[in-house]
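Pulled from TrEMBL, these are the features on record:
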| type | residues | note |
| --- | --- | --- |
| BINDING | A:LEU9, A:SER10, A:GLY11, A:GLY12, A:LEU13, A:ASP14, A:SER15, A:THR16, A:THR17, A:VAL18, A:LEU19 | ATP binding site |
| BINDING | A:CYS193, A:CYS203, A:CYS206, A:CYS209 | Zn(2+) binding site |
There are 2 protein chains.
Amino acid sequence: MGTPAVVLLSGGLDSTTVLAIAKDRGFDPYALSFRYGQRHVVELEAARRVADTQGVKRHVVADIDLRVFGGSSLTADIDVPKHDSAAELTDHDIPSTYVPARNTIFLSFALAYAETVGAQDIFIGVNALDYSGYPDCRPEYIAAFETMANLATKAGVGGSSLKIHTPLIEMTKAQIVRAGTALGVDYGLTSSCYDPSASGEPCGRCDSCLLRLKGFEEAGLNDPLAYQAA
Amino acid sequence: MGTPAVVLLSGGLDSTTVLAIAKDRGFDPYALSFRYGQRHVVELEAARRVADTQGVKRHVVADIDLRVFGGSSLTADIDVPKHDSAAELTDHDIPSTYVPARNTIFLSFALAYAETVGAQDIFIGVNALDYSGYPDCRPEYIAAFETMANLATKAGVGGSSLKIHTPLIEMTKAQIVRAGTALGVDYGLTSSCYDPSASGEPCGRCDSCLLRLKGFEEAGLNDPLAYQAA
């Protein structure tokens, strides 16, 4: 039996790679996904497929409703921005797809889950390079969360310590795709699109699709997903 | 128009006092309560009564389900511990009513709400003296959350700063009751009991009831609530 670890699993390329890395490092993964009012619920179906096939100890889907606050195109009725190529994504302005405090809320739930299953390790697929300008993907943010978490919990009181693992934080999308492929990840199970069709086909033109496609291209690998016709 | 502030409002004695303090300091309160699978849902009715009568700008009740993780007598089917007097509460062991990462989750939602309404101030009624042994009520925990929050959000990126206000943190329950009474708080609207009757009558014997009753007694004031007969 391995050491338990909570793995935040959206069902996208990054978190699916993180799950494979956690397993490769000998952890027993307890996967955690969220139904948070996101428009792209096909992501959750991808998370279930990944959890089912990659062998997790348990998969919890927590219901939270960030729509009560409004404020983002991922949860409200604002159009998802579309582009013709990844070249348009070079500036690091905070995009309208930013969800207020999302990673903080996700990590807080992961902390509760970790404490319940006796885990001292949490894995999250944040990425500071291809990060599209989200402030809560920066290394200094993760370090501050870890400090806070160790003061928040029973574990912190007892002197043992909780660790937030961010194996992708300094990897390019191409490096992520290569690492996951080396570990046997089937990226055909994953879903990255901010605005997929009803049947789950990715748009190929939102920030997330463009970064993904660029990653596969730079890695010299084929993305197994079937994209919507332009 | 005042400055917006998010106030965590459980409908209990402490958070209702905090709301009055936030208003007294000139803030426009945006109240936030949670439906989190707690057994004492009468608390939420109290939060509504308080929000309705104390004049908040908006009151949001967020649905989160901490029961998916289990692990506490406040959300699971474990008996709430009962005592004959507050004298039994002197040790600072972490009690079974501890909910994993609860304040971290609550503050994370408050952060999302604050960002959405443009607030840079969050009020929470944590208390380090009468705190019953919860690690996430300590001043060093609150300071660490504030540091993390300033790295997490758009506000933190822009250089402005978010502040977590804990006006009760060093007050005894008696001082809290006196402060609230001086500000005109009607404690008959509030609910503190971990295990009330179906009609909302407090038990008078759980940790929370005993600390409350002791506070009123030491303040030389009467608790307007009608307690269940012993």
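Just so it is clear, glycine is given a Cβ too, placed from its N, Cα and C backbone atoms.
Note: TrEMBL annotation is automatic and uncurated.
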Checklist outcome for this item: Cβ proximity for A:SER15 (ATP binding site), under 8 A, sequence spacing 6+, ordered by residue number, returns A:VAL7, A:LEU8, A:LEU9, A:ALA47, A:ILE124, A:GLY125
Checklist entry - Under a criterion of Cβ-Cβ distance under 8 Å and sequence separation of at least 6, what residues of the same chain contact A:THR17 (ATP binding site)? => result A:GLY125, A:LEU168, A:ILE176, A:VAL177, A:ALA179, A:GLY180, A:LEU183, A:VAL185
Checklist entry - Which one of the binding-site residues (A:LEU9, A:CYS193, A:CYS203, A:CYS206, A:CYS209) has its C-beta surrounded by the most other C-beta atoms within 10 angstroms? => result A:LEU9
Item to check | Per DSSP, three-state class assigned to A:LEU19 (ATP binding site) | outcome: helix
Checklist entry - Rounded to the nearest angstrom, how far is the Cα of A:GLY11 (ATP binding site) from the Cα of A:CYS193 (Zn(2+) binding site)? => result 11
Checklist entry - Just how many other Cβ atoms lie inside 10 Å of the Cβ on A:LEU13 (ATP binding site)? => result 27
Item to check | Cβ packing number for A:GLY11 (ATP binding site), 10 Å threshold | outcome: 23
Checklist outcome for this item: Among the binding-site residues listed as A:GLY11, A:LEU13, A:LEU19, within 10 angstroms of A:CYS206 (Zn(2+) binding site) by C-alpha we get none
Checklist entry - Nearest to A:CYS209 (Zn(2+) binding site) by Cα distance: which of the binding-site residues A:GLY11, A:LEU13, A:LEU19 is it? => result A:LEU13
